[in-house]
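S.K.: Sharing the feature lines straight out of Swiss-Prot:
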| type | residues | note |
| --- | --- | --- |
| SIGNAL | 1-21 | signal peptide |
| REGION | 24-38 | region 'Loop I' |
| SITE | 27 | site 'Moderately important residue for binding to acetylcholine receptor' |
| SITE | 28 | site 'Very important residue for binding to acetylcholine receptor' |
| SITE | 29 | site 'Key residue for binding to acetylcholine receptor' |
| SITE | 30 | site 'Moderately important residue for binding to acetylcholine receptor' |
| SITE | 31 | site 'Key residue for binding to acetylcholine receptor' |
| REGION | 39-44 | region 'Stretch between loop I and loop II' |
| REGION | 45-62 | region 'Loop II' |
| SITE | 46 | site 'Moderately important residue for binding to acetylcholine receptor' |
| SITE | 48 | site 'Key residue for binding to acetylcholine receptor' |
| SITE | 50 | site 'Very important residue for binding to acetylcholine receptor' |
| SITE | 52 | site 'Very important residue for binding to acetylcholine receptor' |
| SITE | 53 | site 'Moderately important residue for binding to acetylcholine receptor' |
| SITE | 54 | site 'Key residue for binding to acetylcholine receptor' |
| SITE | 55 | site 'Moderately important residue for binding to acetylcholine receptor' |
| SITE | 57 | site 'Very important residue for binding to acetylcholine receptor' |
| SITE | 59 | site 'Very important residue for binding to acetylcholine receptor' |
| REGION | 64-75 | region 'Loop III' |
| SITE | 68 | site 'Very important residue for binding to acetylcholine receptor' |
């Protein structure tokens with residue numbers, strides 16, 4: 001009986017998602033580096049870059065958003081990969 005209970009506990013731990021979350025950079029342009037713990041279910045980070053009257057703008061964060069034409073977007077799926 002103890003063996004069965006132990007087996008069930010191990011199977012439960014292995015099968016459950018134990019709350020792993022991605023960590024991405026989220027600083028903008030030339031600001032000091034900061035990171036953010038992404039929401040559950042967000043498994044990627046993004047690096048978005050475009051130019052306007054202010055110069056080159058860089059935005060970083062969690063997820064992989066859709067962008068308008070003229071905006072360079074790169075998405076990645078490892079820890080703090082969007083620098």
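Cβ coordinates are placed from backbone N, Cα and C, and glycine is handled just like the others.
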S.K.: Near the region 'Loop III' (64-75), which same-chain residues lie under 8 Å Cβ to Cβ, leaving out any that are not at least 6 residues past its ends?
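M.R.: For the region 'Loop III' (64-75), the list is 44-50, 82.
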S.K.: How big is the gap, in Å, between the Cα of residue 59 (site 'Very important residue for binding to acetylcholine receptor') and that of residue 50 (site 'Very important residue for binding to acetylcholine receptor'), rounded to a whole number?
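M.R.: The Cα atom of residue 59 (site 'Very important residue for binding to acetylcholine receptor') is 9 Å away from the Cα atom of residue 50 (site 'Very important residue for binding to acetylcholine receptor').
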S.K.: Once near-sequence residues are set aside, which residues in the chain of residue 57 (site 'Very important residue for binding to acetylcholine receptor'), 6 or more away, have Cβ atoms under 8 Å from its Cβ?
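M.R.: Listed in sequence order: 28, 29, 49, 50, 51.
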S.K.: Between residue 30 (site 'Moderately important residue for binding to acetylcholine receptor') and residue 68 (site 'Very important residue for binding to acetylcholine receptor'), what is the CA-CA distance rounded to a whole number of Å?
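M.R.: On Cα coordinates alone, these residues lie 22 Å apart.
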S.K.: In the same chain, which residue numbers or ranges, 6 or more beyond the ends of the region 'Stretch between loop I and loop II' (39-44), come under 8 angstroms Cβ to Cβ?
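M.R.: Long-range Cβ neighbours of the region 'Stretch between loop I and loop II' (39-44): 19, 21-22, 62-64, 75-77.
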